[in-house]
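Let me begin by presenting the structure, written as structure tokens, before commenting on it.
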Amino acid sequence: MTHAPIGIFDSGVGGLTVARAIMDQLPGEALRYVGDTANAPYGPRPLADIRARTLAITDSLVAEGVKMLVIACNSASAACLRDARERYDVPVVEVVLPAVRRAVATTRNGRVGVIGTQATITSRAYDDAFTAAPGVTLSTAACPRFADFVERGITSGRQVLGLAQAYLDPLQQADVDTLVLGCTHYPLLTGVLQLAMGDHVTLVSSAEETAKDVLRVLTEHDLLAEADGEPAHEFRATGSGESFAKLARRFLGPSLAADAIDPLAVSSSSA
């Protein structure tokens with residue numbers, strides 16, 4: 001079981017930021033990644049639809065024999081994290097709490113902002129997570145178009161900057177000094193987001209902290225792979241493999257082979 005892959009799921013390409021962090025911190029672990037690009041972005045979808053899509057794909061990953069699941073999508077974590085942990089015998093790691101812990105440790109004035117998809121913000125997953133952090137004042141803002149821009153490979157330019165300034169203005173007015181990127185797509189917008197918020201604001205991505213959680217949980221369950229060679233990774237998408245591969249190279253580097261990306265058909269029905 002220790003040599004079984006880690007299963008990673010995201011609505012599209014954003015979870016590749018988490019995959020990259022895991023590859024960097026745990027180079028001996030094999031990854032099996034599925035991006036539901038045919039149905040991205042998840043943000044505008046009802047939580048029930050997100051739950052059904054997520055569990056359909058995570059069911060398939062567990063059936064393939066992964067030793068751990070990483071739900072590398074904030075919207076999916078908000079929709080069905082509890083369901084997934086009750087449903088599967090393998091450990092399930094998510095991306096919300098790691099980002100919250102980092103933000104609490106980072107803020108200097110106690111004012112933290114969170115941006116995410118409409119589904120993530122509506123779910124109040126971050127509001128609930130921050131309740132255990134006394135002294136933190138939380139401000140949130142939905143950024144419904146960001147994930148779609150990233151999925152289309154548009155991560156800079158005047159249009160994206162203007163959108164960011166409009167979305168983030170309430171958080172600037174709230175004087176936040178720490179901004180949680182509550183969607184794994186958003187690290188590709190770091191340049192635009194930093195410009196819109198100013199250098200005095202620290203941006204927090206969950207990717208690095210999630211990778212630390214993966215290491216901790218694998219260690220606790222005695223599931224760490226032995227470093228005995230180059231692990232085999234698989235990256236798949238429910239939509240166009242070619243489009244996915246092009247965007248994936250921005251996260252994982254130009255050496256990612258296009259033939260490593262296979263189309264995946266997954267039923268959206270789930271119990």
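Note: Cβ is positioned from N, Cα and C throughout, glycine not excepted.
Per Swiss-Prot, the feature active site, proton donor/acceptor maps to Cys73, Cys183; the stated evidence is sequence analysis. For Asp10, Ser11, Tyr42, Gly43, Asn74, Ser75, Thr184, His185, the entry in Swiss-Prot reads substrate binding site.
Neighbouring residues of the recorded substrate site, listed in sequence order and excluding Asp10, Ser11, Tyr42, Gly43, Asn74, Ser75, Thr184, His185, comprise Gly12, Gly14, Gly15, Ala40, Pro41, Cys73, Ala76, Thr117, Thr120, Ala147, Cys183 (Cβ within 8 Å of the Cβ centroid). As a whole number, the greatest separation of Cα atoms within the substrate-binding residue list Asp10, Ser11, Tyr42, Gly43, Asn74, Ser75, Thr184, His185 is 12 Å. For the recorded site, Asn74 (substrate binding site), the DSSP three-state label reads helix. Cβ neighbours within 10 Å of Asp10 (substrate binding site), excluding its own Cβ and spanning all shown chains: 32. For the recorded site, Asp10 (substrate binding site), the DSSP three-state label reads strand. In this structure the C-alpha atoms belonging to Cys183 (active site, proton donor/acceptor) and Ser11 (substrate binding site) are separated by 10 Å. Separating the Cα atoms of Tyr42 (substrate binding site) and Cys73 (active site, proton donor/acceptor) is a whole-number distance of 9 Å.
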